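Trainee: Questions regarding the structure given below will be posed in turn.
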């Protein structure tokens, strides 16, 4: 189940807001410019589906999203607990960073935490299968799928060079552990 927890950025122990209500999640996130939607997962994907098969299965949805956002490319990130780069990628994603474009993700399977840091607050959006999240350009954030990641997500990019992060150097993510 998807959840949203909002914290004062000086107090990781006591959420100011905790909800699993999709409408409230969307409203709270919209207030900081983040798009959040729950979609009925429109396509059944085999566990061993290739990235190309996943992109093709979701093509109508991708075309619509790419048209809305002006995106020029899409790819699939597929993480499993035995992925050879799981630890390395987790460490990279865990560091607070920004992008110069919106970060748009749709969870095909599995889950992960998108954590945004702005205006003295930390917004932990735990996204699950069927969730669409779009984090605006230049929003400080990090991502955590835990030490045993297991998810498939569509990633949509305006910049055709793909995922390009600009790390802030802020160590706040270490104070806000969100996944085991």
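Numbers here mean position along the shown chain, with the first residue as 1.
Any Cβ shown, glycine's included, is placed from N, Cα and C.
Feature table excerpt (Swiss-Prot):
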{"type": "SITE", "residues": "96", "note": "site 'May play a role in metal incorporation in vivo'"}
{"type": "BINDING", "residues": "97, 99, 103, 141", "note": "Ni(2+) binding site"}
{"type": "BINDING", "residues": "97, 99, 103, 141", "note": "Fe(2+) binding site"}
{"type": "SITE", "residues": "102", "note": "site 'May play a role in transmitting local conformational changes'"}
{"type": "SITE", "residues": "105", "note": "site 'Important to generate the dianion'"}
Trainee: What whole-number Å value do you get for the CA-CA distance of residue 141 (Ni(2+) binding site) and residue 96 (site 'May play a role in metal incorporation in vivo')?
Mentor: 5
Trainee: Please report the three-state DSSP label of residue 102 (site 'May play a role in transmitting local conformational changes').
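Mentor: In three-state terms, residue 102 (site 'May play a role in transmitting local conformational changes') counts as coil.
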Trainee: Have a look around residue 103 (Ni(2+) binding site) and count the other CB atoms within 10 A of its CB, chains all included.
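Mentor: Total other Cβ atoms inside 10 Å, all chains included: 22.
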Trainee: Distance check, please: Cα of residue 96 (site 'May play a role in metal incorporation in vivo') against Cα of residue 103 (Ni(2+) binding site), rounded to an integer number of angstrom.
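Mentor: Cα-Cα, rounded: 14 Å.
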Trainee: Taking the Cβ of each of the recorded positions and counting other Cβ atoms inside 10 Å, which one has the highest number: 97, 99, 105, 141?
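Mentor: Highest number of other Cβ atoms within 10 Å: 141.
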Trainee: What kind of secondary structure is residue 96 (site 'May play a role in metal incorporation in vivo') part of, going by DSSP in three states?
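Mentor: Once the DSSP labels are grouped into three classes, residue 96 (site 'May play a role in metal incorporation in vivo') ends up as coil.
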Trainee: Under 8 Å Cβ to Cβ from residue 102 (site 'May play a role in transmitting local conformational changes'), same chain, six or more residues apart: give me those in sequence order, or none if nothing qualifies.
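Mentor: Sequence-distant Cβ neighbours: 69, 134, 135, 136, 137, 158.
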Trainee: Write out, in the order they occur in the sequence, the residues of the chain not among 97, 99, 103, 141 that have a C-beta within 8 Å of the mean position of the C-beta atoms of the recorded Fe(2+) site.
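Mentor: Along the chain, the qualifying residues are 98, 135, 139, 140, 142, 143, 165.
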Trainee: Reported as an integer number of Å, what is the Cα distance between residue 105 (site 'Important to generate the dianion') and residue 97 (Ni(2+) binding site)?
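Mentor: Distance (Cα to Cα, whole Å): 16 Å.
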